[in-house]
Structure formats: C-alpha cells, structure tokens
Amino acid sequence: MDLYNNKNSDTSKIKRDASVNDRIPDGLFLACPYCGAQMYNKQLGKYRVCAKCNYGFRLQAWERVELLTKNFEEMDSDIQMDHPEFPGYAEKLKRAQSQTELAESVLTGTADIEGEQVALGIMDSYFMMGSLGSMTGEKITRLFEYATAHTLPVVLFTASGGARMQEGIDSLMQMAKVSAAVAAHQEAKLLYLVVLTDPTTGGVTASFAMQGDVTLAEPHALVGFAGARVIESTIHEKLPKDFQRVETLLENGFVDQIVPRSELAQLIAKIVRLHTAEAE
C-alpha cells in the first residue's frame with residue numbers, strides 16, 4: 001500500500017514493454033450458442049463440443065471428414081455454373097470458395113467409415129450458410145446417382161440456411177431434383193442415412209433432410225423450416241424454448257436418435273453393417 005500512499009514515490013520508472021501484446025486474441029474464449037457457457041477455445045477438443053451441454057460447434061466440411069474417416073475420395077470438385085447476374089453474387093462465391101476450400105456448399109465423395117464403404121455428403125454452413133444452390137443440388141444428385149449405380153449407402157450431413165436467394169427458382173428446383181434421386185436410390189433398396197447438424201433449415205429441411213431411412217442428429221442442433229421469429233410474428237404467440245431443437249423432434253418422432261459427435265462414426269458404421277446383413 002505504501003506505493004499508493006506515498007506521494008513522493010517515483011512511478012515513472014515503471015515502463016511497459018512495447019514488444020508485449022496485451023490484447024486478448026480473437027477467438028481465445030467462446031460462448032456456447034445453446035447454453036451460454038463461457039470456455040477457453042482449446043477446451044472444445046478435437047470434436048469441438050461444449051463441455052457443459054455437449055452442443056456441437058459448427059464445423060467446416062473438411063474438418064468433419066477428418067473426424068469421420070482417413071480414406072475419402074472427393075467427387076465433382078471442379079463443378080461450375082454460369083452465375084446469374086445477381087449483384088455481388090460472383091464475388092460472394094469466390095470468397096466462400098477461398099474460405100472453405102470447396103467449390104460449393106456441399107462436399108461429396110466416397111469414404112471408408114470404420115471399415116464400411118459409403119457415399120458421403122457433408123454440407124458446410126461456412127459456405128454462404130450452406131445455402132442450397134443449383135450446383136449444391138447437382139452435386140448431391142450426382143452423389144445419389146453414383147451410390148445407386150454402385151450399390152452404396154448414402155450418408156449425408158445436413159447444414160443449411162435454406163434455398164440460395166440469388167438463384168431464384170433454380171435454387172428451389174433443387175428440392176425436387178434431389179428428392180427424385182433419393183427416391184431412385186431407395187427404390188433400389190439402398191440405405192440413406194441422414195445426420196442433422198446445426199443449423200438445418202428452409203428448403204433442405206422441407207426435402208431431402210427428412211427423407212432418410214434413418215435420421216440421426218447432433219445434440220441441440222437447430223432444425224426447422226421457417227425461423228422462430230417469423231413463426232411468432234405469424235401466429236402472434238411465443239414459441240417454447242426448444243421448439244426447433246432436435247430434442248423436440250426426437251420426442252415427436254422426426255429423429256431416430258441424438259448422437260454425441262464423438263460416437264457418430266461408430267454408430268454410422270454399425271447401422272450400415274446391419275442394413276447390409278439384412279439385405280443379404
């Protein structure tokens with residue numbers, strides 16, 4: 001206390017080291033979007049889950065591949081389209097491609113998951129919010145067509161904000177296009193396994209996200225069609241807290257099982273093996 005009480009003390013000799021950065025780096029601490037718990041970034045671990053509620057933080061497609069398999073062969077990586085003349089659309093696409101190392105909002109290919117060969121699709125919410133564009137629909141359609149031709153099960157991780165508004169009706173048509181490919185795959189008595197991740201909304205929810213033979217989900221993932229605020233403004237009522245969370249969907253029969261991210265690969269392989277044995 002003498003330092004503060006002594007008016008004659010010389011504090012001018014205390015100098016700040018200019019080489020030291022006293023600013024807290026961005027992203028060092030995070031708040032869980034579901035429970036609000038504050039945590040150190042490294043506490044999330046390799047699976048990127050909240051230690052308190054097990055909510056799975058959003059992953060990029062390539063990050064999820066690393067968690068699922070060591071053997072992945074990408075398909076249609078060079079797919080392109082003539083972009084509609086929507087102001088700024090081409091620039092947004094280029095920026096998203098640079099940030100995610102993807103050509104479109106879905107990564108597709110074949111993979112070995114715990115010894116089981118599957119056709120794998122992973123939507124990426126970091127690519128324009130995982131929006132469903134015409135090339136997204138084309139890639140998913142081709143994935144199902146390939147799987148049908150090669151008698152492979154399809155495993156699709158959904159994550160989307162809905163149809164891509166910049167493409168108008170072309171985007172909306174992808175719902176029907178992918179659904180037709182799903183139907184042909186199921187007609188061949190092949191397995192289609194969906195994993196709902198946060199967020200899965202809009203046209204994706206209204207079509208192929210809800211057409212799987214088995215529907216799994218990550219804890220506390222947001223799944224719905226319209227946003228909660230849109231619904232509330234329409235019906236003029238306050239919605240329940242977990243109205244569009246997968247826990248509510250599970251209670252009402254829309255989801256078969258909620259699975260921690262660390263257990264997904266093993267469970268997917270087990271389901272594929274059971275289906276293969278049944279088919280034989």
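Just so you know, glycine gets a Cβ as well, placed from its N, Cα and C.
The domain 'CoA carboxyltransferase N-terminal' feature in Swiss-Prot is assigned to 28-280.
Computed over the zinc finger (32-53), the whole-number mean pLDDT of the model equals 92. Among the features that Swiss-Prot reports, zinc finger is placed at 32-53, with the record citing sequence analysis.
Marked as Zn(2+) binding site by Swiss-Prot: CYS32, CYS35, CYS50, CYS53. DSSP gives CYS35 (Zn(2+) binding site) a coil state; it is part of no helix or strand.
Beyond the zinc finger (32-53), the same-chain residues lying 6 or more positions past its ends with a Cβ under 8 Å from any Cβ of the stretch are 59, 63, 67, 198, 219-220, 260-262. Around CYS32 (Zn(2+) binding site), a 10 Å sphere centred on its CB holds 19 further CB atoms from the protein chains shown.
Sequence-distant contacts (6 or more apart, same chain, Cβ under 8 Å) of CYS50 (Zn(2+) binding site) comprise CYS32, TYR34, CYS35, ALA37, MET39, LEU44, GLY56, PHE57.
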